[in-house]
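The following features are taken from TrEMBL:
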TRANSMEM  B:20-38  transmembrane segment
TRANSMEM  B:58-74  transmembrane segment
TRANSMEM  B:81-98  transmembrane segment
TRANSMEM  B:104-124  transmembrane segment
TRANSMEM  B:131-150  transmembrane segment
TRANSMEM  B:170-192  transmembrane segment
TRANSMEM  B:221-240  transmembrane segment
TRANSMEM  B:252-270  transmembrane segment
TRANSMEM  B:277-296  transmembrane segment
TRANSMEM  B:302-322  transmembrane segment
Amino acid sequence: MRRLSSAVFRVAAAFLVATITVCGAASISQAQDKVRIAFLVKNLGNRFFDAVRDGGTEAAKELGNVEIIYVGPTSATAEGQIEIINSLMAQRVNAIAISANDTNALIPATKRAMDRGIKVVSFDSAIASEGRIIQVDPSETKLIGAKQVQMMADAMGGEGEFAILSAASTMTNQNNWIAAMKEELKDPKYAKMKLVTTAYGDDQSDKSYRETLGLFKSYPNLKGIISPTSIGIVAAAKAVTDQNLVGKVYVTGLGLPSEMKAAVEAGATKSFAIWNPIDLGYTTTQIAYNLIKGTVKGVPGDEVPAGRMGKVKVGPDGVVVMAEPFTFDKSNVAEYAKVF
Amino acid sequence: MTSLRYEVADRRKAAAADFWLRWEVLLLVLLGIVMLVNSRLSPWFLDYYNLLDSTFNFSEKAIMALSMTLIIVTRDIDLSVASIIALASVFMGLAAQAGAGVPLLVLIGLATGLLAGFANGAIITRFQIPAIVVTIGTMSLFRGIAYVVLGDTAITSYPAGFSWFGQSYLVWSIPFEFVLFLVLAAVFGFVLHFTTTGRRIYAIGNNPVAARFSGIPVDRYRLVLFTLNGLMAGLAAVLLTSRIGSTRPNIAAGWELEVITMVVLGGVSIMGGSGTISGVFIAVFVLGMMTFGLSLMNVPGIVMSVFVGVLLIASIAVPILIRRMLRR
């Protein structure tokens, strides 16, 4: 047995060496003339990121000679993304655009990639500044807050009582947006609008629904609800429809077209917004392309040409902020509902 | 079941079929096929630096597979290893936040693993509860502690020198992690196949009762093996935490099954008593090279796990079918 297993080892070693040398001779570096940009997302099977990829593909077609690689780990972990970064490095892609599962854990890997001349940008969920060249934010807090107040004003005719239905009271995102809404409300043009209360649905459909019914009871003159969460807005719109309050109470906020299509068609929601993942993918691809071609360095103050998005400006810390959230209403919700 | 257990009695005359049907040989053929197919499909595969870099993806799991082999050979199983990594990583993170230096961090990582493994072994042997039950429990327990401590935050304040373990290269661009795996594989192979201790481990796996009657302190062996397995998980935690420089409660999620996959593909019977380190050693490369090749073709992870599943079932079913055909 022992003699056999040592024989096995010898065969093993010989086999490995033979395979490597034989195949290694038929060597590698075929000239890759295409510019390859990889989108590494948090995890696959997420429609938001699928839409980001579609935006990337659109930009790639416009630029010509650009290939988009779309990859992501099975579960949303940093280790999974690092494995993929290693394989992208091995493939010598020209740029990697990442929506990171961990702000810091990817830095050693992306630094290595950048050392080898690969341009690393992050989008949506950022990598800390030393691990990437540019971060593309889909929007910023102030714009997100202001947009929702504007939509509310539009739906309720600029006057009356309205409420906010948020997620959990501890959520940083929502709290920042609500603070921004209150800031926007100070503008004299909203003088006739009154924010009566903020309710919390904890991002659970049933709780959000019950909280909405509670709002109807407590505030009979309620004319509108802003829900800055994709779960709350669906529940609130459903409550409006179920209680036959369509036309009396309007719901707006942040939601996904695919989930809000019914509410818009029923009339419970006039318009709602979300950052546009297609534009996000489009802009990110344009920026990565410009970095690869060397037209910009990506330092703060640079203006990067980004096709139909015009020029985008690199801000402090290498952050690019895109425009205000994209608005959806009857005219376009059905079309986008197919996308995300 | 007509099981081919590890042979202790006299040696039969080796026939050609014995050689070609040996698990290790089949795995080598499989590895050769994987290498050939990958090098055909991707121009980036057979590159010295790429292949060595790809070992980062599996070295930590491979190190755990070595001690897991011993556990499975003795008819036990340990499902808590990935959670031990999380726990050890959390304690290292807390120590790093408190300003601990590199040697202390490593020590804390290893000690946490050791103690967690000892806890597993002590509960299993003291109360005679099946290992699968206990380690399912500690799997939730250890990771639960990590979640309680960290919530949705991460610890990233590791000292500069700490990154050496998971990110450095030794000579000829060979990663330190990989060298460590090779050395440990040699040690484990020697102990299991060339010492009395190894013999006894097989004896326990073949028949724990008979082993007990032959004077082998079965429970002490199991306790030591579980402690060792915990220590290896602690070592993996040091390497992984050093490699990514960050601790999150979901670190190494799902790794227990990947480690067990390596061991089972390596020909270690889940019923205990048979299997070799060399088999597991080759299986590590089969899986590592296959996933690396697939990732070079940007195959999504979900599809990759389909491949691994098919490979695992096929590689176990095919030899059984061939043996059955030969016997007729």
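Glycine is no exception: its Cβ is also placed from the backbone N, Cα and C atoms.
Automated prediction, rather than curation, is the source of TrEMBL annotations.
Source: prediction; values computed, not measured.
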### Query
Looking only at residues six or more beyond either end of the transmembrane segment (B:20-38), which have a C-beta under 8 A from one in the stretch?
45-46, 265-267, 276, 278-279, 282-283, 285-286, 289-290, 292-293, 296, 315, 319, 322-323, 326
### Message
Cβ pairs under 8 Å only, please: of the recorded stretches B:104-124, B:131-150, B:170-192, B:252-270, which one is richest in them relative to the transmembrane segment (B:221-240)?
### Response
B:104-124
### Query
When only pairs 6 or more apart in sequence are counted, do the transmembrane segment (B:302-322) and the transmembrane segment (B:252-270) reach 3 or more Cβ pairs under 8 Å?
yes
### Task
For the transmembrane segment (B:81-98), find every same-chain residue at least 6 residues outside the stretch whose CB is under 8 Å from a CB in it, and list them.
64, 68, 104-105, 108-110, 112-113, 116-117, 138-143, 145-146, 149-150, 155, 157-159, 162, 229-230, 232-234, 236-238, 240-241, 247, 249-256, 259
### Query
the transmembrane segment (B:58-74) and the transmembrane segment (B:252-270): do they have three or more Cβ pairs under 8 Å, with pairs 6 or more apart in sequence?
yes
### Message
Should anything in the same chain at least six residues away from the transmembrane segment (B:104-124) have a Cβ under 8 Å from its Cβ atoms, list it; otherwise answer none.
### Response
76, 78, 80, 84-85, 87-89, 91-92, 95-96, 130-131, 134-135, 138, 142, 158-159, 162, 165, 222-238, 241
## Note on the structure
Near the transmembrane segment (B:277-296) in space but 6 or more residues beyond its ends, with Cβ under 8 Å, are 23-24, 27-28, 30-31, 34-35, 37-38, 41-42, 44-45, 51, 54-55, 57-58, 61-62, 65-66, 69, 181, 185, 188-189, 192-193, 261-263, 265-268, 303-304, 307-308, 311
